[in-house]
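Engineer: Let me begin by handing over the structure; questions about it come next.
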Amino acid sequence: MEIDGAIEQQRELNNSVMCQLSDPEGTPLGPPLYLPQSAGPKELVQMVNKLLNNEEKYPYAFYISDQELLVELGSYLTKNKVSVEKVLTIVYQPQAVFRIRPVTRCSATIAGHTEAVLSVAFSPDGQQLASGSGDTTVRLWDLNTQTPLFTCKGHKNWVLSIAWSPDGEHLVSGSKAGELQCWDPKNGKPSGNPLIGHKKWITGISWEPVHLSAPCRRFVSASKDGDARIWDVTLRKCVICLTGHTLAITCVKWGGDGVIYTGSQDCTIKVWETSQGKLIRELKGHGHWVNSLALSTEYVLRTGAFDHTGKKFSSPEEMKKVALERYNKMKGNAPERLVSGSDDFTMFLWEPAVSKHPKTRMTGHQQLVNHVYFSPDGQWIASASFDKSVKLWNGTTGNFVTAFRGHVGPVYQISWSADSRLLLSGSKDSTLKVWDIRTKKLKQDLPGHSDEVFAVDWSPDGEKVASGGRDRVLKLWMG
């Protein structure tokens, strides 16, 4: 009888595989376990929820060497000729509980701008939309009626950059003349005079996160003149000037830990503290201009306290508290990550709080990298390039995952759906495309613009996509 039992036990072991569950950062979840080869994603979800003592059951996806596990372990091992002798590491990744519908059709084409639309941005709660144009105006659009709401006049040159404060109370725009203007989104009127100080055009604007300061007062602007300036909208003046770059600053981000990152044509990225504007560290590695920066926490920094549920807040204090909870949950135990894209065709992944050296150098693009963007959950990095492709990378390791091909012109800008499952790209070829991250295929082709698409944004509530470009119209797309 005992021998039968031993044989049975041996047979079970032969049909099982030694697995180590770990989070994306590589932290093991408990000791290695023998799992039956018949176990698949469904059984693994139950196991992870149990091991993490989750009261509610959360959805997870599982990855073995950057490939999503969609079948039983046995089938995976056979198909990929994996040895059962070694411990198999399975990375679990939390998934958004809600699902965003892919956009499939153009719901409105709104004329109004008389020159190219250069930037589009949804408000943090997804309820309003702003656009900046070569016609020197900023426009606010009513998303319910899909008609123009306010035309904000005051700039004397092209509006190159716009940014909403994460509490939704302010909108700032920067022009080719180097001036900045703050607007009240409730009435489209300027809040005070233009903010003067930059000598050349504005290349980027980023607000101080609401979890660090509420109500929102400070933002940073970057300029072709090589300086970044911190402004206070209540005092209506520049409070700190960040000087040190030797050439134009091309992009700027205000991080969740309270530091500011600037990328420049001098090939460096500088990290600044924001009480006196002291330089903390320099990130060197790129051999050409830095074009684009993105933070792993960017989505929660942009949306602050707002999420897909549409909850309203009674005070700045409540907003700050909720924003801090969202930020801490998103960040987990890992440091905030930064990715940079450059004219040298490469990208670097950094953990600036930990080291001045890059974590990974990401190569593969054949031409300059125009735009980089982390998915809202920080799991992926997407990059858009003049080589007509969009590439997908692992957001923790920087490893290459796949290339999305289909555009026949340079890709200018990308945007993510709030659930991190879909990616949107806009191109010189006049189309928008929606890519499915799980199948790694084109989900939707969205033609409709009659010329280059310069700007795209997916609303934080996931309901809508906006695009603008050389044909001067703003298009709204729905599921």
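Each Cβ is built from the backbone N, Cα and C atoms, and glycine gets one as well.
When I checked TrEMBL for this same protein, it listed these features:
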type: DOMAIN; residues: 17-77; note: domain 'NLE'
type: REPEAT; residues: 110-151; note: repeat 'WD'
type: REPEAT; residues: 152-193; note: repeat 'WD'
type: REPEAT; residues: 195-233; note: repeat 'WD'
type: REPEAT; residues: 242-282; note: repeat 'WD'
type: REPEAT; residues: 362-403; note: repeat 'WD'
type: REPEAT; residues: 404-445; note: repeat 'WD'
type: REPEAT; residues: 446-479; note: repeat 'WD'
Engineer: Residues of the same chain, at least six outside the repeat 'WD' (404-445), with any C-beta under 8 angstroms of its C-beta?
Structural biologist: 68, 95-96, 98-100, 102-104, 299, 308, 367, 370-371, 373-377, 379-380, 382-392, 451-458, 460-462, 465, 467, 469, 471, 477
Engineer: Which residues of the same chain, at least 6 past either end of the repeat 'WD' (152-193), have a Cβ under 8 Å from a Cβ in it?
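Structural biologist: Beyond its ends, the repeat 'WD' (152-193) has Cβ neighbours at 115, 118-119, 121-125, 128, 130-134, 136-140, 199-207, 209-210, 214-216, 219, 221, 223-225, 231, 233, 236, 301-306, 316, 319, 323.
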Engineer: Going along the chain, which residues at least six beyond the ends of the repeat 'WD' (446-479) come within the CB cut-off of under 8 Å?
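Structural biologist: The answer is 98, 100-122, 124-127, 129, 131, 133, 139, 141, 143, 146, 299, 302-303, 306-308, 310, 409, 412-419, 424-434.
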Engineer: Give the residue counts of the repeat 'WD' (152-193) per reduced DSSP state, in the order helix, strand, coil.
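Structural biologist: Counting residues per DSSP class in the repeat 'WD' (152-193), I get 0 helix, 19 strand, 23 coil.
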Engineer: If I take every residue in the repeat 'WD' (152-193) and average their pLDDT values, what number comes out?
Structural biologist: 96
